[in-house]
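Asker: Summarising the annotation, Swiss-Prot assigns active site, proton donor/acceptor to D146 and lists sequence analysis as the type of evidence. Here Swiss-Prot flags N8, E382 as Mg(2+) binding site, drawing on sequence analysis. What Swiss-Prot lists as ATP binding site is K15, H206, I207, G208, N209, G210, D283, M284, R285, G330, I331, G332, E333, N334, and the listing cites sequence analysis. Per Swiss-Prot, the feature substrate binding site maps to R89. Among the features that Swiss-Prot reports, site 'Transition state stabilizer' is placed at H178, R239.
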Amino acid sequence: MTKTLAVNAGSSSMKWQMYEMPEEKVLAKGLIERIGLKDSIVTVKFGEQKEERVFDIPNHTEAVEVLLEDLKRLKIVEEFTEITGVGHRVVAGGEIFQKSTVVTPEVLQQVKDLSALAPLHNPANAAGIEAFLNLLPDATSVVVFDTAFHTTMPEKAFRYPLPKKYYTDYAVRKYGAHGTSHMYVSQEAAKLLGKPIEETKIITAHIGNGASLTAVKGGKSIDTSMGFTPLAGVMMGTRTGEMDPSVFPYLIENDSELKDAQGVVDMMNKESGLYGVSGISSDMRDIIAAKDTDTDAKLAFEMYVDRIQKFIGQYLAVLNGADALVFTAGIGENSVPVREAILSGLTWFGIEVDPEKNVFGVEGEISTPHSRVKVFVIPTDEELVIARDVEALKK
């Protein structure tokens with residue numbers, strides 16, 4: 001029996017679970033939310049106990065320090081040497097990494113070099129990996145890539161309609177993200193459908209501060225909403241989602257604060273989405289609390305829902321129908337108003353939601369027996385997938 005720590009760092013959060021392996025027994029788990037925002041929330045659950053604290057955590061490096069301090073303070077571990085493996089979710093693996101890999105100095109540098117494909121994530125991932133390497137030097141560190149699941153996309157889906165040289169010479173293509181989550185929840189949905197996954201057509205909606213949708217056919221990703229970077233696709237907490245690229249040079253020419261292309265990209269990544277439209281917050285909970293009295297918050301909510309509905313419709317066409325639609329991740333699992341708003345616009349497709357199940361259901365089916373497409377809420381478990389990969393690659 002060994003202890004493995006699975007770490008899932010999002011753009012503004014860090015979710016973790018401590019496992020006893022290979023039994024896959026969860027010893028403790030926690031979540032650090034609102035990293036980089038005021039009043040970060042640190043939650044730790046172990047045994048029958050739960051602890052929650054609120055204080056500012058400015059970056060992912062300090063979040064790692066808080067996590068490890070909590071493990072010792074709460075006696076989840078006596079010594080850090082008990083932790084023999086650490087698995088890290090990394091968003092962008094490009095065309096270099098198509099499977100999970102043990103961290104070496106070369107691998108860490110490649111993760112950093114791929115930051116152009118995930119500017120909000122890979123730098124934070126790399127900072128977290130380095131912090132763990134310094135604090136847990138004897139543990140085997142493994143990187144698990146969000147992009148790996150999407151390597152099954154056909155070329156017609158991942159290529160952009162640009163001259164071929166930009167793909168062959170510069171690897172400009174769609175890579176996607178959240179692959180570990182999309183893979184896990186599609187497998188769980190197949191179980192709920194009672195069908196072999198090879199016979200299923202499933203749309204998975206990973207909706208958190210970052211959000212993406214994937215069309216999964218026969219257990220394989222055939223299209224996904226994020227693109228060359230996680231900036232593409234639906235509207236998100238601080239990200240625009242899809243935009244007309246002609247806006248970029250127009251803004252550079254007309255806004256003196258945006259001096260170059262990188263300035264525009266930074267604005268679209270860090271100051272847009274829910275935060276940019278509402279002017280209040282990147283957190284959906286804050287938007288929902290304000291939308292009945294604040295017109296900008298109301299608009300942000302409506303735009304957010306609109307973009308997700310459009311991608312669901314698109315993937316119903318890509319799959320030629322679907323067996324199931326799955327909601328997962330922070331907003332998808334927990335926000336009744338968001339699910340209700342999205343599903344209310346999909347009735348033409350024969351999707352019927354049971355209002356009572358939607359309000360009270362935290363896991364399982366929330367559609368009616370007559371719904372042509374089953375609708376599930378499935379808590380994602382990227383951490384379990386990560387822990388399994390660490391166990392397989394341990395020294």
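A Cβ is built for glycine as well, from the same backbone N, Cα and C atoms used for every other residue.
The structure displayed is predicted, hence computed values, not measured ones.
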Asker: Compile a sequence-ordered list of residues in the same chain as K15 (ATP binding site), six or more apart from it, whose Cβ lies below 8 A from its Cβ; state 'none' when nothing qualifies.
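Answerer: Listed in sequence order: V7, N8, A9, K29, G30, L31, I32, E382, E383.
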Asker: Taking only the recorded positions H178, I207, N209, D283, which one has a CA atom nearest to the CA atom of D146 (active site, proton donor/acceptor)?
Answerer: H178
Asker: Rank the recorded positions D146, E333 by the number of other Cβ atoms within 10 Å of each Cβ, and give the residue at the low end.
Answerer: E333
Asker: Counting Cβ atoms within 10 Å of each candidate's own Cβ, which of the recorded positions R89, H178, R239 comes out highest?
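Answerer: Going through R89, H178, R239 one by one, the largest Cβ count within 10 Å is at H178.
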Asker: Round to a whole number and give the Cα-to-Cα distance in Å for the pair D283 (ATP binding site) and R239 (site 'Transition state stabilizer').
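Answerer: The Cα atom of D283 (ATP binding site) is 12 Å away from the Cα atom of R239 (site 'Transition state stabilizer').
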Asker: To the nearest Å, how far is the Cα of N209 (ATP binding site) from the Cα of R239 (site 'Transition state stabilizer')?
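Answerer: Computed Cα spacing between N209 (ATP binding site) and R239 (site 'Transition state stabilizer') is 9 Å.
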Asker: Which whole-number value in Å describes the distance between the Cα atoms of H178 (site 'Transition state stabilizer') and the residue listed as 'substrate binding site'?
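Answerer: With distance taken Cα to Cα, the residue listed as 'substrate binding site' is 9 Å from H178 (site 'Transition state stabilizer').
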Asker: Please work out which residue of D283, E382 has the most C-beta neighbours within 10 angstroms of its C-beta, and give that one of the binding-site residues.
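Answerer: Most Cβ neighbours within 10 Å: E382.
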Asker: Using a Cβ-Cβ cut-off under 8 angstroms and a sequence gap of six or more, which residues of the chain neighbour I331 (ATP binding site)?
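Answerer: Same-chain residues close to I331 (ATP binding site) (Cβ under 8 Å, separated by 6 or more) are I207, G208, A211, M284, V338.
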Asker: Would you mind listing, in sequence order, the residues at least six apart from R285 (ATP binding site) in the same chain with a Cβ closer than 8 Å to its Cβ?
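Answerer: Listed in sequence order: S335.
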Asker: Measuring Cα to Cα, how far is E333 (ATP binding site) from R89 (substrate binding site) in Å?
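Answerer: Their Cα atoms are separated by 20 Å.
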